[in-house]
Amino acid sequence: MKNILSIQSHVVFGHAGNSAAEFPMRRMGVNVWPLNTVQFSNHTQYAQWKGCVMPANHLTEIVQGIEEIEQLKSCHAVLSGYIGSAEQGGHIIDIVKRVKAVNPDAWYFCDPVMGHPEKGCIVVPGVAEFLCKDALPVSDIIAPNLLELETLSMQKVTNVEQAVMAARTLCDKGPDIVLVKHLSRAGYRTDRFEMLLVTKEHSWHVSRPLVDFGERQPVGVGDLTSGLLLVNLLKGESLQTALEHVAAAVYEVMVTTKEMGEYELQIVAAQDRMVAPNHKFWAIQLD
């Protein structure tokens with residue numbers, strides 16, 4: 001069974017970061033080792049929250065403990081998401097290097113959390129710079145949203161063709177695979193939720209219905225998306241098949257959440273539909 005070291009935020013109530021990705025990844029059939037960058041009472045789109053950012057050296061200490069019991073070599077991928085401080089970033093890169101030193105076949109999947117296309121940047125100073133300068137070159141897979149794609153590539157993206165070009169700019173700097181988690185205003189249609197999966201040689205586009213939650217959009221969708229893609233790829237699915245499953249699985253979670261009238265993602269209620277979606281969305285190869 002595959003093992004994923006997932007370094008992300010954690011909320012006690014609700015679903016964001018590891019709290020959004022950990023259960024779905026396990027439900028898909030992999031082991032997850034959650035390592036939390038922050039621990040908050042709830043996600044930060046509520047009016048208030050409590051909690052703290054973990055000390056940066058805490059991340060390294062935990063991984064060192066795993067290494068000392070000779071289990072780090074069984075880690076197949078490191079997944080990083082929300083980073084609570086720029087200092088944590090340096091420790092995460094060191095962790096990736098430690099894992100790859102004992103398992104050269106391990107992947108680093110970077111979810112470069114900077115913000116939401118409609119909300120602007122939500123991370124502390126220094127994190128965006130770390131992601132561009134340090135995380136991008138060592139990542140094997142990276143999964144930006146539209147704003148993050150523009151920041152990482154230093155290109156304005158207004159359509160799908162430009163998004164593919166920007167993603168290939170990232171491939172030239174490090175990762176083999178780029179998932180654009182949400183094309184937003186750069187997509188073909190504003191009433192659809194569109195994603196791209198891009199390599200140096202090929203690209204695929206997938207579109208699904210946009211589930212309208214009004215002004216109160218659920219948080220953690222990107223974390224769920226990244227986790228599901230990583231699991232699919234670790235299990236040996238093709239890029240196209242993996243993208244199609246992610247689109248359908250996330251749609252099932254969104255529809256279930258909408259049907260139940262909830263704000264928090266209903267990942268437990270939707271678990272069976274997530275693993276075996278009722279809907280199918282075909283990924284179209286662009287080149």
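In case you wondered, yes, glycine gets a Cβ from its N, Cα and C as well.
Remember, it's a predicted structure, so these values are computed and weren't measured experimentally.
Annotated ATP binding in Swiss-Prot involves ASP111, ALA143, GLU148, ARG208, PRO209, LEU210, VAL211 plus, out of the candidates LYS73, LYS173, LYS181, LYS235, the residue LYS181.
When Swiss-Prot records THR44, GLN45, ASP223 as binding substrate, the matching candidate from SER9, SER74, SER85, SER184 it lists for that site is SER9.
For the pair VAL211 (ATP binding site) and GLN45 (substrate binding site), the Cα-Cα distance reads 19 Å.
Within the group of binding-site residues (ASP111, GLU148, ASP223), the Cβ with the highest number of other Cβ atoms inside 10 Å belongs to ASP111.
DSSP classifies ALA143 (ATP binding site) as coil under the three-state reduction. The two recorded residues ASP223 (substrate binding site) and ASP111 (ATP binding site) have their Cα atoms spaced 8 Å from each other.
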